[in-house]
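First comes the structure, then the notes that go with it.
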């Protein structure tokens, strides 16, 4: 693979494109396009944007991703969580329905795209790994609940707002008396139908003899059926006149050329939200891409993925869209429908462009309640509280991180929730390493092995304390070890030698080095030797570049057994060991 | 030691207080009081507060610390770095010289005191260890430069402001033409004299036969001499009329009872600065306390220190002071002068109270230039760029953290600098652990030992890959290891078994567990066995609580040698190893 085709993966797969791949890609594109039309409208609604923004955000971004992205099956466009985060971010700087709101969505997409591109260029894809799995799972679950709750207003046909669960519920309850009955009937029926499609249709189709893959795809087309039926109902029964909110006029046009707003205030206000949207979007996208690639033994390059997603978002910013990423549902459908290359995405974009020009009048009577129903059914499948039970059983620290993420996302909104989850994961990790396990070890009789004196029958010497810290030594735990050793020595006046068994020490940073130097001085004052054993190669190389080993009031032993033999034999002052 | 005396250390040392300790403490108190009078005035000037605030901040806080603190020699009061941080924090919410400015200083002290108390109650003393030694060293150096630069205006007798080096220098340069010559002469002379006292006086006194300790203390009294001489000069030559800025009227009074301001806006604006002042102050104080305690083999309890410092700051808030902490210079003088118990601090407080009531008229003609000179000489001794050289040689990551801290503190101010240092230290640590060292190992012939195949002559088997990750497995590196193993396996089609040698794995968190589960599935699909060896006890206990071991497509071996024997002998499919 040449250097250029690394940055332009299209050069790689495009060269080997043939008729077989073309027909597979075309079939997949038709299926995905049909599925994407209602989904794009729905997610635009969730983001608080006009419906066409969802369609536009699915056209140019897909094209750009197909040029720069590395996944063969990933379908890029609006997704539920990012749409919710977009609404939360823009809601703070502009009023929904205003020109400023749509312009801010463009700015958000541009900022997010620029950040993703920068992260890609500087190969910072690893930053996504700072989000732990439980935090992501908790966040997705809480975001799913928030999204479903926020869509209830469309099912009920009332006004409501809010970015936290309490705000949303309070707003819903206070407006409940204004519920519109026809809307409620459409909304509940559509929701029930879509749940049935998801749970009951596939087994039914299978029992009727349809192959598994066809049954799967038919199931995914359920929303299209709901859209068609409820649109016809609203049109036929003139439900629009009876208070049912409908999509209304959508411009018949290709994606327009748009210019994001650029005021410093706006950029400042959207900076952090854009960063979070970038990271969350990247994590979601890379998870989907890697899962699908693994099934076909293909490789995903995370840094190039950042560039692909960055280009897609920049594209969204200039063509009337809003932040996009690789979506789970649409990518799986694309994959299952047989997409072989990113060309399938390009064909999908073409299909959506045709829809944007030709089909938008057909959705005039589409009730918003149906779109809300498709969102609710889609996001509730993301809600999974089992992560709480699993982490509780496995590790309280992981449980704390996931519980905090869920509670804070629900109580304070998406940004606070995911930030808290990340910070808590890192702090809990640092706390764990700040008080590392330090085993006091002794010789297992008849062997050269040293084991924890509290777990095994071992030989010890009252004049020698051997400690094995099970952690890298760095600033967070440097003083802990120093204090632990000084306390241990202070408890027992017979001690003449302290041996640090360094087999599990993968690094000694500068703070820890200073701490060891201080420890050495303190032990020297007390006429106690400080020795090291089993120091790893890279750690030793660094120590040799300092004065520490020269000043050490003791020796460095290759093996702990050597240390034991040397220090027990002569029974002398520490100086003799030098 | 009873539970009560743990929280009230005074009950412990107070019970055993005798005449010998009393006389030692009294002598130390006299010496420290004399040194503290100019120092307190100077630091108040640095914080932008009226001079008496420095005196008040040295009285009640010392008394409270002597009741709650655990250090025998720590002297609590205004210190240079905290004074600078106070000026930076309050400068953002109020104008210097206004009532609001002084009231905000009280609020800052109260907030900081409350935070320290809370951290103490919740035993969060370990949080201070998140500041690495190089970051602290870099921060102190940069803060010293900022402080010295900010005091140049008093030496020149001009106006200037700014919280970053560029702002300060630009402001100085633009006002340079207004330099006041008499002020400049006093300032430069005082500075030169104080530098000479620090470098040249002690050797001189020693050569005149004075004992080392007495010479030390006389050296520390240098500022008092400078104060007396320059005050007399200003008074005698009426230099106040020639534009020399003087301290002026200081109220003759004991510390007044004051009430901090409490508006929500103010509390919000001061929250983060108060947190940083608390942490930086605590780190400075605990370092001094532990250094001094070590010399006498005494113990410091970090969590109780938080309570002592918290009480001192709350005291400062209600008695006209501003944030305080344990200072290096004053504590060392206290220690060298022979202080045996915190009673020395109480006597110092009494001495300062007498000074506040009786001596303040004497400082009317004291030139601010002299105070600035004492500050400059004191803080320049903190400036030490050798940390850059040392860390560069030892570890580039530590160097990056210290260099960023210094540059950002100078360029953006104290808060941005220290925040950047902390964040960078943590991120660099996470980056290091995100791509851990993973050794591929083989059997050292004739032994049961396994070593890195790239460093030693070892026996390997083409069907077996044994990898030893030298790091705890957690969310930051979970996917790295998964990808590394899949890449390794993909490179070589002969591989039938992957053995993870877990001797250096101190933890497997939930994310890493999920990663291992995914890895196991992927390897199972490829008909490759996944085995573990030398799993540590606590790690094994956790794994046993999950389904991982049941689903594992391979075995868990107690030792790597057992794994080797079992997997090389039968030469069979992985299933046979179960």
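Note: Cβ is positioned from N, Cα and C throughout, glycine not excepted.
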A:5-20, A:53-68 - the range that TrEMBL marks as transmembrane segment: A:53-68
Kindly point out the range from A:306-324, A:325-343 that TrEMBL annotates with transmembrane segment. A:306-324
Within-chain partners of the transmembrane segment (A:371-388) [C-beta distance under 8 Å, separation at least 6 from its ends]: 38-39, 41-43, 45-46, 80, 134, 137-138, 140-141, 143-145, 147-148, 151-155, 187, 190-191, 193-195, 198, 223, 226-227, 247, 329, 399, 402-403, 406
If you run through the domain 'STAS' (A:454-553) with DSSP, how many residues end up as helix, strand and coil? 42 helix, 20 strand, 38 coil
Quick test of the contact rule: Cβ under 8 Å, at least six residues beyond the ends. What residues does that give for the transmembrane segment (A:181-197)? 154-157, 219, 222-223, 225-226, 230, 233-234, 239, 242-245, 367, 369-370, 372-374, 376-377
Please work out whether the transmembrane segment (A:53-68) lies in contact with the transmembrane segment (A:344-364), by counting C-beta pairs under 8 angstroms that are 6 or more apart in sequence and asking whether there are at least 3. yes
With pairs restricted to those 6 or more apart in sequence, evaluate whether the transmembrane segment (A:100-122) and the transmembrane segment (A:306-324) have 3+ C-beta pairs under 8 Å. yes
Cβ-based contact of the transmembrane segment (A:21-41) with the transmembrane segment (A:217-237), 3 or more pairs under 8 Å: yes
Top stretch among A:75-94, A:217-237, A:266-294, A:400-428 for CB pairs under 8 A with the transmembrane segment (A:306-324)? A:75-94
Distal contacts, the transmembrane segment (A:266-294) - CB-CB under 8 A, six or more residues away: 70-74, 76, 79, 81-82, 85-86, 88-90, 92-93, 104, 107-108, 111-112, 115-116, 119, 125, 127-128, 131, 136, 139, 300, 302, 305-306, 309, 313, 323-328, 331-332, 335, 414-415, 418-419
Long-range neighbours of the transmembrane segment (A:400-428), counting only residues six or more past its ends (CB under 8 A): 81, 84-85, 88-89, 130-132, 134-135, 137-139, 141-143, 145-146, 163-166, 272-273, 276, 280, 387-388, 391
Return the average pLDDT for the domain 'STAS' (A:454-553) as a whole number. 89
